[in-house]
Structure formats: C-alpha cells, structure tokens
C-alpha cells in the first residue's frame, strides 16, 4: 500500500488500523521554532472524537495524542514529528460475522481483490478511524499558518440530506454537534436524523470550508495547482464523493459575465472562483465544499456475496454514524490546512524574492 503520504515539502504519513493497538503519523517538513504542545493538537482532536452525541458512533475513544518526537522544550526542532493515538474501545467481536463477506458500499470487496487479505475488524485501514491522525497533523499546520501568515481555516455543515443550512454565524458552529452555522435550524436537523435512525437508514452531508487570509501566489501550475491539490486531499477523506471549489458545479449554469470575478483598484468585486485563479491563490477567501455519501453501514438486510462469490443477505451490526458528515468538519479543515502549509513552503522555496507593485487583495 503506497498511498499513505500526502504533501511535497510538508508531509504526513499515517499508519494504523481501526482495531489495532494504535493509529499514528509522522509529520515531516515542519519548520523549527513553532511553539507546539499536546494541548494544541488535543483541542482539535476533541472536536472530532466519537461518542460526543447521539447522532454519531458511540465508540468511546478519548483520542489522547502523544508527541513522540520533533518537539523539544515546547518548540518544533525541524525533525519529523511523531504522533500516536492509542485505540481503547475496540469491539472486534462485532465484526466476526463479516470475516468472509463483503459489506455493500464498503471497501471490503476492493481491498480483498487488491491485496488478497484484509483486516475486517471495523474496516481496518479503510476505516475513518485513521482520520484522527489527519486532524492531529492538521492542528500543527493550522497553528503555523495562523502564526506565520495570519491564515484562519474554518468549516461548517452546509447541508444535511436534503436540508440546506443557511449560514448565520461562525460562532454558532462551535455550539452544536452538527457544526451547523445556524442554531435556529438545529431542532429540524435533530428530528431529521432521529427519523433516519428510526428507519434504520443513513444520509449524506455537505461540508463547507473557508480559508481566510491566504496570500496571493500559492499553488504550483500546472499539475500541482492549488485547487487540484485541495480536491485531491478532500477526495482522500473516507466517504467523500465530490468536491467543489468556489461556485463549483453551479458554474455550469452561469454566464461568463457573471462567473468571471471583475477586478477593481480596491480588489475583486466577487468570488465565484473560490479564491483560486489558474491554480494560484488570488488573495481572496479560498472556499471549498465537500460532499459525503450516506453511511454504508446500516442495520438493514442487504444483498451481497462472500469471498467465494456466493450470494447472501447480510445485516451490518456495530456502532456506526447515521451520517458520517456530522464529524467531518474538523477533518475537512485539517486537509485544507495540510495542503495550504505545503504550498506555503513550496512558494517560499521558489518565489520568496518575487515582488510586484500591483495591489494584492
């Protein structure tokens, strides 16, 4: 399995499985001198961890992070930063019945076909449990970006199933389990998910992430465009099925006279492009939307096959989210941070001496 690393200059390599002893990662390329503590990382992990509401999996993982290397006397040393999160609430017995069968919608079938072996306990390496490591690494990137460039990265749930969530304020996001930017709609969201659960079903969601304060110039055309790398990172999240930058697919119905963001001496007049032009940051807010599919594990009888190809009916058991998107916001933020820090370092490496007089906004 060769796809466990993301980044060019600032990289994360993750390891571990859902029901193994631990998950972890190695963050390489972080500049020396960044003040970094366990608390800096833990506060981000606490936003993502399971068992925090009735609408997410009831697996109780404290997600306590350990920094194994790369930090001395509270500062990064420039060497690889080792991160470890021990698994403490595995129930492998819940998965014994699927050792030789393939759950519909999961990676069971493809992992078996590709590797000829799979860890069936909780999905093994394909489990979203691994995303805790991304959030931990993203916390480092978030802090560096904020201190070095004043970049702020914030996300929210903008749609749950067929319910659009109007944006009200960023302050509302931290006050509810949905990461919804609108508190008046919470009763509707609660009732909707309760109904989905009572029907023994699941539903998808859309997460919106905004990076504010990104300077002009980040991105490496033509193959490592900033928007291309953002899309690559987001599609690497479990259950992600689509990514939009700026107006995204709505651009199909727009005219050029609308979509093209006009410039004025004071800056851009609009931001349909989502803060990226030609694969390079424009200085505007970078805006992305990520679509997450419904949870594949639902307590209904489904048709499938076993590893010998025999037809069967199966019903998934275990502890699962009725909507994986409920906990996805910190993960989406983390992936945005990882990409932006990598591109900040790449831009600095080649273009640090470039200076132009045109207004930058």
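Every residue gets a Cβ built from N, Cα and C, even glycine.
Annotated in Swiss-Prot:
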| type | residues | note |
| --- | --- | --- |
| BINDING | 48, 54 | NADP(+) binding site |
| BINDING | 125, 126, 127, 238, 239, 278, 293, 294, 295, 296, 297, 319 | FMN binding site |
Cβ-based isolation winner (fewest other Cβ atoms within 10 Å) among the binding-site residues 127, 295, 297: 127
Inter-residue C-alpha distance, residue 125 (FMN binding site) and residue 48 (NADP(+) binding site) (nearest angstrom): 18
Intrachain C-beta neighbours of residue 239 (FMN binding site), sequence separation six or more, cut-off 8 angstroms: 128, 292, 293, 295, 296, 324, 325, 328
Neighbour-count leader, CB within 10 A, binding-site residues: 48, 125, 293: 48
Residue 297 (FMN binding site) - helix vs strand vs coil (DSSP): coil
Between residue 127 (FMN binding site) and residue 48 (NADP(+) binding site), the C-alpha gap once rounded to whole angstrom: 15
